[in-house]
Amino acid sequence: MGVEGCTKCIKYLLFVFNFVFWLAGGVILGVALWLRHDPQTTTLLYLELGDKPAPSTFYVGIYILIAVGAVMMFVGFLGCYGAIQESQCLLGTFFTCLVILFACEVAAGIWGFVNKDQIAKDVKQFYDQALQQAVMDDDANNAKAVVKTFHETLNCCGSNTLTTLTTAVLRNSLCPSSSNSFTQLLKEDCHQKIDELFSGKLYLIGIAAIVVAVIMIFEMILSMVLCCGIRNSSVY
């Protein structure tokens, strides 16, 4: 015997929420793939300074997002099918998956909040090391190539310290052609550009995580209510 009345409304409401959840998983998967192949970040994070590669923490987070998006699409499909079939087993499995996903998202959110500035900090340190080598050693061709890639990709020149800014003025060959004047150099600080590049992407990820968390809470409530309704209807 199928569910009736308010429980039937909850059934279709849960189906709609799960469809939205499935779509959200697809969006997160798409955004993660876009972030993974974004030309600016790819260019910078594939650089190597001697034997030292650029920091890879950002990509670790992206790979986690790709996995989360794929799992969300699977769980969303499971919830849709379980709601339509009125299966307590599928709904129970769906609820368990949601709880695990929610716990992982909370843990990842806490870690991300604590380390939100670490990615940009690591990239800035990598840039400063390359800039220092390029300025101190005329034969440091690898370091010069790394610095030029940063400057051309982000359209900046030098860091925010007076020393590196002064040396950058003396090394116009390392800077974009539009940044030859001292006034322009003051405006085009590479540390600031690095912060803008990564903070914007992290805010985008944070907003998506909050939206998904709200949907998951509603789905957990609705799935339990529907599961109880199915159990009660089978008694009668």
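For all residues, glycine too, the Cβ spot is worked out from N, Cα and C.
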Just checking the record here: does Swiss-Prot list Asp51 and Cys89 under the same topological domain, which would place them on the same side of the membrane?
no
Which residue in the list Cys156, Cys157, Cys227 does Swiss-Prot annotate as forming a disulfide bond with Cys190?
Cys156
If we check Cα distances from Lys116 (site 'Important for interaction with integrin'), which of the recorded positions Lys148, Cys175, Cys190, Glu219 wins as closest?
Cys190
I need the nearest neighbour of Cys175 (disulfide bond) among the recorded positions Lys144, Cys156, Cys190, Glu219, using C-alpha distances.
Cys156
Mind checking which residues of the chain, 6+ beyond the ends of the transmembrane segment (64-84), have their Cβ under 8 Å from one of its Cβ atoms?
11-12, 14-15, 17-19, 21-33, 35-36, 90-91, 93-94, 97-98, 101, 104-105, 108, 205, 212, 219, 223, 226
So which residues does the topological domain 'Extracellular' (34-63) touch in its own chain, when a touch means Cβ under 8 Å and the partner is 6 or more beyond its ends?
112, 115, 118-119, 122-123, 126, 129-130, 133, 142-143, 146, 149-150, 153-154, 197-198, 201, 205
Secondary structure content, the topological domain 'Cytoplasmic' (85-89) (per DSSP, counts of residues):
3 helix, 0 strand, 2 coil
Excluding near sequence neighbours, so keeping only residues 6 or more apart in the same chain, what lies with its CB under 8 A of Lys144 (site 'Important for interaction with integrin')?
Ala134, Leu174
